[in-house]
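So the structure is just underneath, and the comments pick up after that.
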Amino acid sequence: MFAFYFLTACTTLKGVFGVSPSYNGLGLTPQMGWDSWNTFACDVSEQLLLDTADRISDLGLKDMGYKYVILDDCWSSGRDSDGFLVADKHKFPNGMGHVADHLHNNSFLFGMYSSAGEYTCAGYPGSLGREEEDAQFFANNRVDYLKYDNCYNKGQFGTPDVSYHRYKAMSDALNKTGRPIFYSLCNWGQDLTFYWGSGIANSWRMSGDITAEFTRPDSRCPCDGDEYDCKYAGFHCSIMNILNKAAPMGQNAGVGGWNDLDNLEVGVGNLTDDEEKAHFSMWAMVKSPLIIGADVNHLKASSYSIYSQASVIAINQDPKGIPATRVWRYYVSDTDEYGQGEIQMWSGPLDNGDQVVALLNGGSVARPMNTTLEEIFFDSNLGSKELTSTWDIYDLWANRVDNSTASAILEQNKAATGILYNATEQSYKDGLSKNDTRLFGQKIGSLSPNAILNTTVPAHGIAFYRLRPSA
């Protein structure tokens, strides 16, 4: 087996392409919420959104931070005589303002969708050339979030400058309305979005669309490996495919602007529990948005307990906002049914001096894996405090809600008080500063200088740790 290293490139580019603060004051941590597309596609309605929001609230997920309810494509019936977008009255009989008001009255934020093209991806009216009237439509309907796609763009791509100005037109139009609207680019990473996205948007997709597969290759997602500048992003991209493309991009994201690895597939399709845990952990660690793609009215207990794992969410919502770095990657011989097999180690700094560490097993069998302080603190000099200190190891999945408790919550449609973390009452930032034990996992040991962190990681699974300085 052999390894790939990206530390030199990442360290060099950090000084050249730094990340600006939020251009509009939003997105200080990655957004969390729910989006209709992964499960429902065009089968959307007012009732679906309101029922979903009620369920998210009842299950305690809203108070964990999942506050954006995002209506994706297929909501429009065209334009009126003045050129303004019109909602489909059969799907949304009371109009979008009614949906927004219901969500706002229940402490949610409302997201909608359009495309920087003549049409949306499903063939509905797009916003290319109509940015100002469409931005005003969204503002008039009290929208808080816009997902802005890339279909039917009339060939206006091919260089970063061309794509930048096409997406900047909507950014300027949204700002002109005077309403704070989170701007989420969905241009699939085309034309190196991660270099220019932070100046005009709060997040940007960096790859083709995700599918509920961990490693399965698909000809519709033609680029693999670390092809971060894929000329045809495609769709049906596996979790590992997207993660590997994201590996070198962390230096271009941070507070106010995030690499978006696409919606979460936890609870969608037939991923194993270990695959869902690895998926959620890595999206959290690289500071991708945490957007639920599942039908929350039919969640299985194990998926619910993943979405509600506060110690993992706290990694994502860490106020320092630095995505983790892939320190090493090895291909392995025990490939899965698709011929895929690799192992990786990721590490990243956290706001309170802690460090997050992941050992990721993309192979087909459980295996012993290990790492050292020298690898974990790869940027530190020999003799530094990080390398000469002892660190307590906290397992971020050890205190996961068990399936019996999760099933009871789902059946009763009510999260029992005190079981889940409530970020409405106490933000993740405040909870971390106060050392709230629910956000740190369970201590399982310590790692001293020159020692080795050893563990066994399941196939398509992860070992996920927070390291804290010993008292």
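Using N, Cα and C of the backbone, Cβ positions are placed for all residues, glycine too.
It should be emphasised that the depicted structure is a prediction, and the values quoted were computed from it without experimental measurement.
Pulled from Swiss-Prot:
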- 1-18: signal peptide (SIGNAL)
- CYS42-CYS74: disulfide bond (DISULFID)
- ASN105: N-linked glycosylation site (CARBOHYD)
- CYS121-CYS151: disulfide bond (DISULFID)
- ASP149: active site, nucleophile (ACT_SITE)
- ASN175: N-linked glycosylation site (CARBOHYD)
- ASP209: active site, proton donor (ACT_SITE)
- CYS221-CYS237: disulfide bond (DISULFID)
- CYS223-CYS230: disulfide bond (DISULFID)
- ASN270: N-linked glycosylation site (CARBOHYD)
- ASN370: N-linked glycosylation site (CARBOHYD)
- ASN403: N-linked glycosylation site (CARBOHYD)
- ASN422: N-linked glycosylation site (CARBOHYD)
- ASN435: N-linked glycosylation site (CARBOHYD)
- ASN454: N-linked glycosylation site (CARBOHYD)
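Per-site Cβ counts within 10 Å over the disulfide-bonded residues CYS74, CYS223, CYS237 peak at CYS237. Geometry remark: CYS74 (disulfide bond) versus ASN270 (N-linked glycosylation site), CA distance 26 Å.
The Cβ of ASN403 (N-linked glycosylation site) has 14 other Cβ atoms within 10 Å, all protein chains considered. Reported as a whole number, the C-alpha separation between CYS121 (disulfide bond) and ASN435 (N-linked glycosylation site) equals 45 Å. Here ASN105 (N-linked glycosylation site) is positioned 37 angstrom away from CYS237 (disulfide bond), judged by their C-alpha atoms. Nearest Cα neighbour of ASN435 (N-linked glycosylation site) among the listed recorded positions (ASP149, CYS151, CYS223, CYS230, ASN370): ASN370. Around ASN422 (N-linked glycosylation site), the same-chain residues at least 6 positions away in sequence with a Cβ under 8 Å from its Cβ are GLY60, ASP63, MET64.
A distance of 27 Å separates the Cα atom of ASN403 (N-linked glycosylation site) from that of ASN454 (N-linked glycosylation site).
The shortest Cα-Cα distance from ASN370 (N-linked glycosylation site) to any of the recorded positions (CYS221, CYS230, ASN270) is found for ASN270. Cβ neighbour count for ASN435 (N-linked glycosylation site): 10 (other Cβ atoms within 10 Å of its Cβ, all protein chains included).
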